[in-house]
Amino acid sequence: MPAWPRFMSLRRQYLYKALDKNHQKHPIKHPHTRFLSRLFCALAVLFSYSIYQSFRTDLKQSGSWGCEMSWMSPSYRRLEWTEFISTRYALYLYREQGLDSEDTLSGHPVLFVPGNAGSYQQVRSIASSASKQYYEQVKARERNVVTGKKIDFFTADLKEEFSAFHARTVREQAVFIQHCIKGILQEYTHLPQEKRPTQVTLLAHSMGGVVARLAMDPITSISVDIIVTLSTPHILPPLALERDMDSIYSLIRWRRQHISTHPPLISICGGISDTQIVSDSCALPFFQAGNNSDIAVFTTGIPGVWTAVEHQAIIWCHQIRWRIARMLLDMSSRANTTAKLVTAKEWLLDYQEDETLKEPRSERQHDYSVSSRNMTFIGLHQPSKAFVAQQCNGLERCRTVPSVMSLLPFPNNPSDPFPLPGEGIKPSEVMLVAEISLSSTNTVVKINASQYGQTIAGSREHHLVKGNSWKVNSSLPSLTTHHLFHFENAFLSSLVTHSLDITLGHCKDFKPLIKHISQPALELQSATFESNYYFASGRPIHLHSHSTAGPFLPYQDRAGIYLEIFQSPLCPVQQVSLRKNYYNVLAKSVTRYRMVVLAWPVGWATVVLLFQLSDFINTGEILPWNSALERIARRRMPICIVLLLLGATIQSQLPDFPMLHTFFLGVNQLEMVPLVGILGVWTFGLLCVVSFVITACLWLLGCIIQQPHGHERLEDETKSKHDWLGVVMIGAAAVLVNQVIPHQLIFLLCVILLWLSAARSKALNDRYHLISTCAIFTTLLIPFKILHVAIWSRNIWTGSAALVSTDNNFYYAIPPVLLVKCASCGGTIQKRHVCLKACRIALIILIMSSFSVGARWTWILSPIANAVLILFVASII
């Protein structure tokens with residue numbers, strides 16, 4: 001028989017004997033249970049696909065956005081200072097070509113801080129709009145708006161670093177911003193003392209907002225008047241992989257509460273279309289400092305914008321950048337911070353007080369009979385708020401009635417989607433809504449509206465809805481133009497959407513406009529403003545909110561949904577129905593529970609490792625990973641799910657208990673408890689998928705690298721020379737280059753060597769089971785390390801490598817190096833009872849930490865896992 005067929009025959013005989021021997025060692029009492037892990041794999045794949053489809057559907061239904069593209073002619077001039085500040089970063093002055101021709105600075109300084117991997121050139125959209133608007137006003141001589149101030153935009157070049165993933169990068173950038181503020185003010189020393197600016201306005205995008213706030217120490221905060229942030233996660237960090245990042249957020253909150261000179265914060269949020277951050281974190285709690293308070297507003301409620309915006313598009317979206325630029329221009333001419341905040345509210349919130357105009361501004365009047373003491377007038381295609389209402393009873397002189405006015409969207413083509421993709425809303429596509437309250441109904445209302453087109457008048461009615469549906473009681477023609485609904489029992493959570501069904505009567509006019517006003521959580525009131533606009537189209541409207549109760553937030557949930565419907569009496573609303581849509585909870589979980597995908601599979605893997613260790617203590621043999629996984633699926637996993645559900649139920653019953661909102665999935669509503677069990681089963685299935693993939697890769701790698709010599713393989717000691725060489729190289733790198741190479745890189749190299757050792761091991765023996773277990777467990781820890789390696793590699797490439805304080809700590813490199821050493825020497829678990837007992841305790845702590853706080857405080861798992869590996873190695877050596 002030829003050599004190769006003889007070798008394959010002997011190989012098959014060897015494998016059959018090994019499989020039979022292994023089956024005798026670890027018999028499976030219930031053969032059908034071997035399919036449980038495969039079943040969970042299939043469920044995990046199907047559920048992952050369902051989550052993906054739900055996310056896409058949710059974005060299609062609620063996350064569509066429309067913005068007009070912006071254009072500019074940018075130029076940048078780098079500022080050179082004699083004082084040494086940084087050779088790593090730089091500061092530039094923006095100038096719009098063809099407009100900003102002067103070299104000297106005479107305006108109000110605004111410093112732009114880019115976000116994660118952001119470029120300093122992103123300032124060009126807002127800066128260009130500010131320059132164009134300023135010179136247009138000068139040309140038109142609008143002296144009531146322009147007072148000689150213009151905006152000088154400065155922009156920080158932070159080398160497009162990954163500030164969202166690296167806390168020390170955030171700290172270094174904050175120090176540079178502090179120096180920039182001092183240097184910018186020094187650029188105005190050529191002006192007379194009374195004309196020199198004493199404060200700088202900070203404009204920041206994404207994580208640049210965190211950098212800007214971190215720079216506000218007691219000294220620097222005096223030199224800053226207002227901080228404006230765009231799509232910045234203020235409440236929670238986007239990734240909870242570093243303890244130092246949480247420390248930064250805690251320091252920022254402490255400074256905001258205790259530094260009296262801290263500048264007010266204006267946060268502009270993109271809403272549901274922003275999938276890079278959770279817009280729940282863009283909201284702001286209410287901090288009052290004198291008359292200056294922070295405000296957060298979502299772009300869906302900004303007048304003239306009325307659309308959610310993608311994370312990067314919020315910088316260049318024309319409707320937003322025009323309004324921000326105009327707001328900055330107006331604020332630059334205000335004398336104090338209070339006046340600047342009032343200006344900001346006028347441009348961002350449609351901030352209006354009751355207006356009483358003593359004299360009419362138009363000679364033409366329209367008379368309307370009074371149908372109710374509360375009336376709402378709708379002026380179609382009215383971009384102006386010049387509105388006067390007078391109440392006349394025939395016996396006395398007409399008197400002016402106070403009115404509350406606002407501009408709402410009103411597209412020219414009602415058949416187009418709202419907002420229109422690629423264009424959004426036009427400045428002329430608005431309608432004026434004026435609300436008045438009369439003293440009696442036996443009067444006539446005169447409206448001065450000569451410059452307006454069609455004006456519709458009707459009553460304003462309030463409806464308190466106990467259930468989920470409201471229906472018109474009368475069959476008479478409707479005289480109502482404004483409905484206000486309060487569904488007081490509606491469940492509120494940022495994880496839940498509601499489907500709103502509007503039934504219309506015979507329609508001869510424009511379709512009704514629906515305004516959904518989100519009621520913020522208690523601690524967000526007076527600081528966070530969110531509203532969304534929809535048009536009745538015959539299809540269900542999906543209502544969502546970011547400022548209500550959200551995961552991991554200590555805010556109490558509130559019940560009730562508020563709606564306003566503006567309609568023509570010729571197209572009345574007949575019925576309004578509201579129902580919860582639990583399927584979209586999966587879509588909302590994508591951005592809010594990213595860390596669950598990392599933390600909970602580690603918890604399940606720790607359960608498997610604990611089961612293997614306990615089985616070894618009882619039998620003296622190492623159970624294969626996949627066999628242990630199947631037994632966990634049959635016995636331990638259901639118990640763990642029940643414990644998770646029990647813990648989440650207790651959490652929902654104690655919403656006011658300190659820090660309890662950070663446990664499990666961070667939800668305080670009983671209706672959200674099943675989500676804990678669903679994600680628990682899903683993450684267990686993900687572990688099964690990862691385990692089978694790694695096992696298959698190890699088998700394939702073994703087939704590639706193994707070189708057969710007859711039916712016997714070389715001894716482990718002679719095959720492990722390459723492994724020993726790797727251990728020596730890694731040890732030398734860890735000791736000799738301790739200040740250069742981060743421990744995360746050493747960990748990754750050790751995982752690679754563990755894979756090679758597992759692939760070279762003799763299959764189906766205790767040594768192979770031990771090495772494959774170590775390879776699978778350490779592979780699940782790679783996501784906790786890979787970001788640091790990516791940041792370090794990029795910094796090496798750009799010549800600005802920097803490590804955090806623990807990156808060069810050899811303590812974190814000891815366990816993987818020793819694991820590779822044990823794998824190379826053929827070590828196996830010894831019955832050292834003290835080490836095994838300590839290792840079991842550490843495993844239990846890691847399990848509890850993974851499931852209880854791993855979704856919020858994910859960084860806590862890495863040091864605990866490191867301790868587990870140390871104790872595990874101690875039981876092997």
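Count begins at 1; order follows the chain as displayed.
Each residue, glycine too, has its Cβ placed from N, Cα and C.
Remember, it's a predicted structure, so these values are computed and weren't measured experimentally.
Annotated active site per Swiss-Prot: S206, in sequence order, evidence recorded as similarity to another entry. Marked as N-linked glycosylation site by Swiss-Prot: N291, N336, N374, N448, N473. Taken from Swiss-Prot, the feature transmembrane segment covers 35-55, 597-617, 637-657, 674-694, 735-755, 771-791, 809-829, 834-854, 857-877, and the record attributes it to sequence analysis.
On the structure: features taken from Swiss-Prot.
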residue: S206; record: active site; CB count, 10 Å: 29
residue: N336; record: N-linked glycosylation site; CB count, 10 Å: 11
residue: N374; record: N-linked glycosylation site; CB count, 10 Å: 15
residue: N448; record: N-linked glycosylation site; CB count, 10 Å: 21
residue: N473; record: N-linked glycosylation site; CB count, 10 Å: 6
Going by C-alpha distance, which of the glycosylation sites N336, N374, N448, N473 is nearest to the residue listed as 'active site'?
N336
Consider the glycosylation sites N336, N374, N473 and say which one has the Cα lying nearest the Cα of N448 (N-linked glycosylation site).
N374
If you measure between the CA atoms of N336 (N-linked glycosylation site) and N473 (N-linked glycosylation site) and round to the nearest Å, you get 53
Let me spell it out: take the transmembrane segment (35-55), skip the flanking residues so only those 6+ beyond its ends count, and list any with a Cβ under 8 Å from a Cβ in it.
583-584, 586-587, 589-590, 626, 629-630, 633-634, 681-682, 684-686, 688-689, 691-692
N473 (N-linked glycosylation site) in three-state DSSP notation:
coil
What parts of the chain pack near the transmembrane segment (637-657), using Cβ distances under 8 Å and only residues at least 6 beyond its ends?
556-557, 604, 607, 663-665, 667-670, 672-674, 676-677, 680-681, 684, 851-852
DSSP-derived structure type at N336 (N-linked glycosylation site), helix or strand or else coil:
coil
